[in-house]
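As annotated by Swiss-Prot, transmembrane segment applies to 57-77, 136-156, 168-188, 247-267, 323-343, 374-394, 416-436, 483-503, 527-547, 599-619, 621-641, 698-718 (among others). The site 'Important for ion transport' annotation in Swiss-Prot covers Arg183, Asp228, Asp235, Asp680, Lys691 and rests on similarity to another entry. Residues or ranges marked as substrate binding site in Swiss-Prot: Lys191, Lys679. The annotation Mg(2+) 1 binding site is assigned in Swiss-Prot to Asp194, Asp198 on the grounds of similarity to another entry. Residues or ranges marked as Mg(2+) 2 binding site in Swiss-Prot: Asn221, Asp224, Asp446. The site 'Important for potassium independence' annotation in Swiss-Prot covers Lys476. Under the heading Ca(2+) binding site, Swiss-Prot lists Asp648, Asp672, Asp676, citing similarity to another entry as support.
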Amino acid sequence: MNMISYALLGVILGISGVIYAVYLAVWVLRQDPGNEKMRFISQAIATGARAYLFRQYRTLAVLLVILAVLILVAIDMPRRTFGLTALAFIVGALGSMLAGYLGMYVTTRSASRVAQAAATGGMGKALLVSWRAGAVMGLSLASIALLLISGFYLVFRSVLPDDWAVPLVALGFGASLVTLFMRVGGGIYTKAADLGADLVGKVEAGIPEDDPRNPGVIADNVGDNVGDVAGMAADVYESYIVTVTAAIFLAAILGLPTQFIEAIILFAALALVATFAGVNLLKTTGVKHPLSSISLAIYATIGLSVVLFFIGAFTLGLDSTKALALAATTSLGAVIAPLIVKITDYYTSYNYGPVRKIAEQAKISPATVIITGYGVGLMSAIPVIAVIVAVLGISYMIGYYTVPVSGFGELSKYLAGIFGTAMASVGLLVVAGIIITADSYGPVSDNAGGVVEMAGLPDEVREITDVLDSVGNTTKATTKGYAIASAALAALVLFIALIFEIVYSASKILGKGIVDMISESLSGLQLINANVLIGAFLGVALVYFFSSRTLEAVGRTAMEIVEEIRRQFREKPGILEWKEQPDYARVVDIATRRALGEFLIPGLAAIVLPLITGLLLGWNALAGLIMGAIVAGVPRALLMANAGGAWDNAKKYIEIQGLKKTEMHKAAVIGDTVGDPMKDTVGPSLNPLIKVLNTLSVVFTYVIVSTNIALGIWPSGLLPF
């Protein structure tokens with residue numbers, strides 16, 4: 001097969017995946033939605049989620065149009081790329097929106113169907129419905145990403161034979177930008193609604209979780225979908241697009257044989273084939289422990305992907321050493337996915353020591369719960385970082401000795417190693433379909449439990465949905481670790497791509513050889529260069545600013561929701577006596593309005609700061625900013641996500657021991673409340689932040705380098721070195 005054939009294969013499989021996702025969606029929606037009350041609850045959740053998403057998309061549309069025009073004028077017109085960079089940016093953004101909407105459309109309508117399946121078909125049927133609802137999201141994500149990458153690659157190679165790589169990366173920039181706002185806005189919504197509903201409902205009014213008398217209960221369930229489904233899907237979709245396009249970009253700019261570009265697209269296509277199989281490998285008959293069935297489906301998918309990588313590598317026409325090296329580095333990335341999931345599980349599941357240690361501290365006070373949980377979160381970052389470092393080192397060495405980079409003098413071997421790390425990153429991301437299937441299953445089962453509670457179904461039905469929900473909490477927590485690790489590797493690959501695009505742009509503008517430009521550029525990137533250090537501190541500061549703004553936004557929004565729920569209880573005392581209907585829509589509207597208002601400032605900071613830094617301080621200050629954001633952002637995201645997950649499950653561990661409404665339980669609830677915005681707002685929002693910084697910089701590199709040269713600050717930056 002030639003290069004065009006592999007890209008066509010990607011297009012065909014991408015379309016096939018979308019069709020299969022639609023088939024699964026139709027199957028799920030044909031299931032019995034239950035009685036009238038169950039349908040009402042499910043419809044209320046779906047309506048609230050759709051209203052939020054559409055209002056968010058309308059808000060984003062203005063920013064996307066402004067940036068598309070800027071890219072057209074500043075990038076496409078000077079480089080004569082026929083507007084394709086702007087087009088890729090818009091399509092990448094629309095793809096992210098579509099992936100989020102498709103998955104959320106099905107998951108919000110699945111809750112009553114899972115609840116009814118639990119009532120009539122037991123554990124097995126309920127598990128199947130919730131799993132297939134999650135698979136709609138997983139398959140949509142992977143298929144749309146593969147379709148866009150393969151399709152745009154075909155178009156760009158045909159229209160722009162010599163300058164097609166940067167427009168392809170713009171696909172990732174569009175996806176990154178939408179994801180950033182979806183993660184921030186969705187995270188603020190979901191945790192503010194959760195906090196508001198719990199603080200007034202459970203703590204003040206003393207009513208159970210998901211009680212229909214709570215005016216915030218629908219907003220809480222809507223938040224599960226806009227944050228945990230649409231947000232997570234957009235996050236991993238973006239990482240997929242960014243990593244694969246950056247790897248293709250590197251292969252092109254390093255002048256590698258076309259088989260290496262073919263390998264990237266081929267491996268992504270083969271992983272999607274494995275995902276088709278994995279989605280159908282879930283055992284549901286006679287199952288008592290759903291987590292084991294889900295884990296088996298994930299392991300089988302990744303194992304099949306690895307086998308297909310090695311088989312596919314030998315169809316590329318490379319010698320056996322290079323084929324094996326490509327398959328090995330990609331497989332290395334794929335096999336660490338379950339390892340990262342397992343590490344996260346160890347630190348966030350109540351089956352292991354760290355969470356039980358937090359639960360034990362609840363016997364003393366909320367303060368010791370928070371202190372111990374924070375310590376667990378700090379420690380949890382270490383093994384994940386160790387795995388990332390090991391993968392980078394091993395894949396670098398494989399690439400160093402096998403990838404045929406030439407024409408860069410003494411740097412050729414070093415650059416070959418860099419491509420090896422890019423392939424490992426590709427391996428981690430192309431198995432995203434099955435990981436997101438497991439993640440999206442979580443909110444579906446969570447909402448199903450809420451429907452059972454609100455509809456007043458029998459206790460035995462609630463027991464089934466509680467088991468499914470417990471497994472869903474585990475899959476949601478562990479997927480956060482995967483998303484953060486994948487974001488880290490994607491950001492590192494993009495960072496290398498950025499440096500080479502800077503060199504390439506300077507070479508074109510100044511008319512110098514690329515080898516000379518590499519040597520000249522690296523002199524401006526030394527760690528003792530003041531510009532680099534200034535940029536690094538700015539990157540760290542951006543991470544902390546971003547974390548602060550999102551945390552405070554949750555608090556402000558939750559405060560308004562709390563006041564509204566209190567007002568309804570005060571003005572309508574019949575609500576608590578089952579005599580009056582709560583105004584669910586009012587709370588949904590508050591959460592929507594405040595979340596959309598709060599996400600603009602941190603989002604705009606992620607766009608404006610790198611552009612100003614690169615244009616005025618110099619390209620090396622921009623490089624320092626990005627590296628500072630990566631080094632500060634990845635451990636902080638792991639801390640936030642895992643500490644929050646550990647606090648959550650410490651509370652659940654106390655509950656399963658029958659210790660609800662004790663002082664010990666109250667202490668654990670406080671820890672869980674503190675951890676909620678950390679694990680579902682701040683931590684997840686840092687993933688797209690570090691990728692937006694990279695993709696934005698790659699797309700605007702030509703403008704940044706041109707400005708640096710015009711201002712006389714190339715290559716050393718504003719401060720002389």
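The backbone N, Cα and C atoms fix where each Cβ goes, and this holds for glycine too.
A map of Swiss-Prot features onto the structure.
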{"residue": "Arg183", "record": "site 'Important for ion transport'", "DSSP class": "helix"}
{"residue": "Asp198", "record": "Mg(2+) 1 binding site", "DSSP class": "helix"}
{"residue": "Asn221", "record": "Mg(2+) 2 binding site", "DSSP class": "helix"}
{"residue": "Asp228", "record": "site 'Important for ion transport'", "DSSP class": "helix"}
{"residue": "Asp235", "record": "site 'Important for ion transport'", "DSSP class": "helix"}
{"residue": "Asp446", "record": "Mg(2+) 2 binding site", "DSSP class": "helix"}
{"residue": "Lys476", "record": "site 'Important for potassium independence'", "DSSP class": "helix"}
{"residue": "Asp648", "record": "Ca(2+) binding site", "DSSP class": "helix"}
{"residue": "Asp676", "record": "Ca(2+) binding site", "DSSP class": "helix"}
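The transmembrane segment (621-641) and the transmembrane segment (483-503) are in contact, since at least 3 Cβ pairs between them lie under 8 Å (pairs 6 or more apart in sequence). Here the transmembrane segment (416-436) sits apart from the transmembrane segment (599-619); fewer than 3 CB pairs are under 8 Å, leaving out pairs fewer than 6 apart in sequence.
By the Cβ criterion (under 8 Å, sequence separation of 6 or more), the transmembrane segment (527-547) is not in contact with the transmembrane segment (136-156), since fewer than 3 such pairs are found.
Cβ-based crowding with a 10 Å cutoff singles out Asp228 as the top-ranked of the recorded positions Asp228, Asp648, Asp676. Asp446 (Mg(2+) 2 binding site) sits 19 Å from Arg183 (site 'Important for ion transport'), taking the CA atoms of both as reference points. Here the recorded positions are Asp198, Asp235, Asp446, Asp680, and the one whose Cβ sees the fewest other Cβ atoms within 10 Å is Asp198. Note on the transmembrane segment (483-503): residues 166, 169, 172, 232, 235-236, 239, 242-243, 246-247, 249-250, 253-254, 333, 336, 340, 384, 387-388, 391-392, 418, 421-422, 424-425, 428-429, 432, 514, 517-518, 521, 525, 619, 623, 626-627, 630, 634, 637-638, 641, 683-684, 686-688, 690-691, 693-695, 697-698, 701, 704-705 of its chain, located 6 or more positions outside it, place their CB under 8 angstroms from a CB of the stretch. Measuring Cα to Cα from Asp235 (site 'Important for ion transport'), the recorded positions that fall within 10 Å are Arg183, out of Arg183, Asp194, Asp224, Asp672, Asp680.
When the stretches 136-156, 374-394, 599-619, 698-718 are ranked by Cβ pairs under 8 Å to the transmembrane segment (168-188), first place goes to 599-619.
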